[in-house]
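Asks: Grabbed the feature section from Swiss-Prot, which reads as follows:
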- Lys37: SUMO2 cross-link (CROSSLNK)
- Lys83: SUMO2 cross-link (CROSSLNK)
- Lys134: SUMO2 cross-link (CROSSLNK)
- Lys143: SUMO2 cross-link (CROSSLNK)
- Lys277: SUMO2 cross-link (CROSSLNK)
- Lys285: SUMO2 cross-link (CROSSLNK)
- Lys381: SUMO2 cross-link (CROSSLNK)
- Lys388: SUMO2 cross-link (CROSSLNK)
- Lys651: SUMO2 cross-link (CROSSLNK)
- Lys667: SUMO2 cross-link (CROSSLNK)
- Lys698: SUMO2 cross-link (CROSSLNK)
- Lys698: SUMO1 cross-link (CROSSLNK)
- Thr665: phosphothreonine (MOD_RES)
- 400-608: region '27 X 6 AA repeats of [GEVSTPAN]-[ILMV]-[DE]-[RH]-[MLVI]-[GAV]' (REGION)
- 426-431: repeat '4' (REPEAT)
- 433-438: repeat '5' (REPEAT)
- 475-480: repeat '11' (REPEAT)
- 554-559: repeat '21' (REPEAT)
- 562-566: repeat '22' (REPEAT)
Amino acid sequence: MAAGVEAAAEVAATEIKMEEESGAPGVPSGNGAPGPKGEGERPAQNEKRKEKNIKRGGNRFEPYANPTKRYRAFITNIPFDVKWQSLKDLVKEKVGEVTYVELLMDAEGKSRGCAVVEFKMEESMKKAAEVLNKHSLSGRPLKVKEDPDGEHARRAMQKVMATTGGMGMGPGGPGMITIPPSILNNPNIPNEIIHALQAGRLGSTVFVANLDYKVGWKKLKEVFSMAGVVVRADILEDKDGKSRGIGTVTFEQSIEAVQAISMFNGQLLFDRPMHVKMDERALPKGDFFPPERPQQLPHGLGGIGMGLGPGGQPIDANHLNKGIGMGNIGPAGMGMEGIGFGINKMGGMEGPFGGGMENMGRFGSGMNMGRINEILSNALKRGEIIAKQGGGGGGGSVPGIERMGPGIDRLGGAGMERMGAGLGHGMDRVGSEIERMGLVMDRMGSVERMGSGIERMGPLGLDHMASSIERMGQTMERIGSGVERMGAGMGFGLERMAAPIDRVGQTIERMGSGVERMGPAIERMGLSMERMVPAGMGAGLERMGPVMDRMATGLERMGANNLERMGLERMGANSLERMGLERMGANSLERMGPAMGPALGAGIERMGLAMGGGGGASFDRAIEMERGNFGGSFAGSFGGAGGHAPGVARKACQIFVRNLPFDFTWKMLKDKFNECGHVLYADIKMENGKSKGCGVVKFESPEVAERACRMMNGMKLSGREIDVRIDRNA
């Protein structure tokens with residue numbers, strides 16, 4: 001269509017030129033009379049000239065007299081060492097002016113021995129076919145055919161694509177370009193552009209229209225640089241130097257130009273939608289690709305909708321009857337032999353259905369046998385119904401059903417046995433893993449070393465517990481309400497833990513020997529407890545009375561059933577008897593006075609089993625017990641006024657941040673971590689007045705600090721990935 005417009009513009013230009021030669025309008029004649037045309041028609045002529053310039057696309061050169069036609073000749077049997085320039089010189093010498101020469105190249109840039117030559121005039125094309133046909137070039141006779149519609153070149157190009165997949169534009173021309181699916185399936189990109197891009201024959205310049213008049217080439221380059229490397233950007237201007245609202249952008253690669261069309265066509269720039277397309281000079285002059293021909297429809301049919309196949313293509317109904325091994329299921333007969341043939345293929349089997357079922361054991365670990373049973377049952381029911389209905393091929397399914405009998409027997413025999421063996425092998429592995437857990441738990445027998453630590457509790461800190469217990473009274477009152485809330489939650493959680501804890505029961509039995517070794521150590525602890533009863537404990541224990549009442553109700557919610565499921569009864573009464581608890585209950589507890597009350601008794605009864613099982617859980621590292629930190633830990637925690645023991649790790653509220661940007665200040669650090677919770681303190685580590693790239697942040701609770709580690713660790717600040725950890729040295 002654009003070519004037709006240009007042709008019309010040329011005709012209009014010719015008419016204007018003829019009018020100018022005949023006489024300028026409005027110029028008075030020799031007798032002073034006005035000419036045949038008045039001065040009022042001059043603006044109309046100027047408008048025509050402007051329209052002519054716009055339609056011609058800025059006076060671009062068009063080498064063809066009639067742009068709608070191409071006068072091509074297709075030459076084959078060209079020596080492989082002949083370059084396109086040499087071929088052009090030969091054709092120019094023998095025929096005349098040549099517009100375009102293209103050698104077809106393979107993927108390696110070597111000549112395929114054929115070429116396309118375009119001429120400006122039709123006579124030149126016919127002369128080339130007469131003169132150059134059978135002309136000897138380097139000992140090889142050339143074969144020249146007229147090819148105005150490009151059919152011969154199209155076939156040759158298809159043959160090249162089928163063999164090598166490459167095509168060049170000339171000497172050293174590029175091969176076929178691999179196009180990503182995002183471009184191939186993009187509805188905004190025409191098919192002819194995609195074909196030209198694949199062949200490497202597409203330019204890298206795009207044409208942009210409907211630009212705002214204040215957009216200059218710098219702004220245009222800035223915008224289109226998002227699509228690729230911009231080599232040049234131009235804004236077309238009028239004779240006064242003002243923008244015409246159109247421009248061109250040249251990229252480094254053709255695929256970047258196609259990407260620019262996809263990214264910016266229809267997008268707003270200063271509230272005006274841009275119209276982006278390939279520039280006419282970037283498109284190949286000859287179309288050597290098969291056009292996208294629409295599907296031929298019957299006469300009178302306007303169109304069709306989407307089919308049921310992939311991409312809306314119609315599907316062949318014949319393929320629907322070819323199910324995977326399900327035979328031909330229809331009113332005439334079920335075709336059970338088809339089921340057998342299909343299932344045989346599932347395992348690479350051969351033979352009828354019965355022989356194939358032997359190998360069903362291969363699928364023991366991966367197939368849902370219940371689902372297979374359901375499918376077979378439904379198939380048998382359908383077969384019985386069809387057999388009862390009779391008629392047609394109904395009887396043809398009976399032999400297939402009979403053949404299924406021994407096959408199903410084999411499925412229940414050898415196949416299921418193999419499944420059992422496979423499951424048994426898996427359970428054996430689980431058993432071996434549990435045995436390994438037992439060995440680990442056996443190593444906990446080193447609890448005997450706890451005895452020496454407990455023995456140190458007496459002289460180190462137990463005598464000083466009186467003043468500490470007084471201070472504990474108020475704290476325990478605050479803990480009471482929390483324990484009540486914990487009761488309901490722990491009870492619900494322990495119910496879920498019942499099944500896994502049952503499995504650990506056998507392992508806990510192995511802990512019995514380790515607990516038995518604790519007996520003599522706890523006997524020594526009984527003697528130390530007798531020293532704990534100075535009069536100063538009375539006031540503190542009186543305050544603990546109501547607190548223990550609350551703890552009792554919380555422990556009641558935990559439920560005895562949940563504790564029984566924990567497998568603690570397997571530890572044995574003998575082990576607990578040897579712990580020397582009778583010495584702790586006789587004299588020591590009586591001297592602790594009525595302040596403990598019956599609530600403490602009930603609480604201790606319910607806490608006994610739980611504390612017995614969990615007492616050693618805090619000492620995960622055997623190396624701490626070897627160093628005697630057990631006794632020192634309790635001495636520090638009971639004897640000191642709220643001090644933390646060196647052997648027991650406490651949760652810190654401070655985090656340490658590494659790899660911070662060097663321009664980061666403490667205020668910026670605080671503002672950033674305020675997203676995680678309330679920050680009490682933030683600081684940047686400095687050296688000689690310069691940041692060391694690390695800092696600390698302190699929160700109001702350990703939970704907030706841990707949340708900050710989870711949220712901020714690995715986050716990028718100014719391009720640097722920070723490392724956030726709990727500050728253990730705080």
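Glycine too: its Cβ is placed from the backbone N, Cα and C atoms.
Describe the structural context of these features.
Replies: Counting every protein chain shown, the Cβ of Lys83 (SUMO2 cross-link) has 13 other Cβ atoms within 10 Å.
Cβ neighbours of Lys134 (SUMO2 cross-link) (same chain, under 8 Å, six or more residues apart in sequence): Pro141, Leu142, Lys143.
Neighbour density for Lys143 (SUMO2 cross-link): within 10 A of its CB lie 16 other CB atoms from the protein chains shown.
Counting every protein chain shown, the Cβ of Lys277 (SUMO2 cross-link) has 16 other Cβ atoms within 10 Å.
Look at Lys651 (SUMO2 cross-link): DSSP puts it in coil.
Non-local neighbourhood of Lys667 (SUMO2 cross-link): Ala682, each in the same chain, at least six residues away, with C-beta under 8 Å from its C-beta.
Lys698 (SUMO2 cross-link) falls within a strand when secondary structure is assigned with DSSP. The Cβ of Lys698 (SUMO2 cross-link) has 18 neighbouring Cβ atoms from other residues within 10 Å, across all protein chains displayed.
Around the Cβ of Thr665 (phosphothreonine), the number of neighbouring Cβ atoms within 10 Å comes to 13. Taken residue by residue with DSSP, Thr665 (phosphothreonine) is part of neither helix nor strand, so it is coil.
The average pLDDT for the region '27 X 6 AA repeats of [GEVSTPAN]-[ILMV]-[DE]-[RH]-[MLVI]-[GAV]' (400-608) in the predicted structure is 51.
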Asks: Roughly how many Å separate the Cα of Lys698 (SUMO2 cross-link) from that of Lys277 (SUMO2 cross-link), to the nearest whole number?
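Replies: Checking the Cα atoms of Lys698 (SUMO2 cross-link) and Lys277 (SUMO2 cross-link) gives a distance of 58 Å.
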Asks: Please report the Cα separation of Lys651 (SUMO2 cross-link) and Thr665 (phosphothreonine) in Å, rounded to an integer.
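Replies: Answer for this pair: 27 Å between alpha carbons.
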Asks: How far is it from Lys83 (SUMO2 cross-link) to Thr665 (phosphothreonine), counting Cα to Cα, in Å?
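Replies: Computed Cα spacing between Lys83 (SUMO2 cross-link) and Thr665 (phosphothreonine) is 68 Å.
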Asks: Looking only at Cβ atoms, how many others are within 10 Å of the one on Lys651 (SUMO2 cross-link)?
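Replies: Lys651 (SUMO2 cross-link): 10 neighbouring Cβ atoms within 10 Å.
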Asks: Do you know offhand how many angstrom separate Lys277 (SUMO2 cross-link) and Thr665 (phosphothreonine) by C-alpha?
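Replies: On Cα coordinates alone, these residues lie 50 Å apart.
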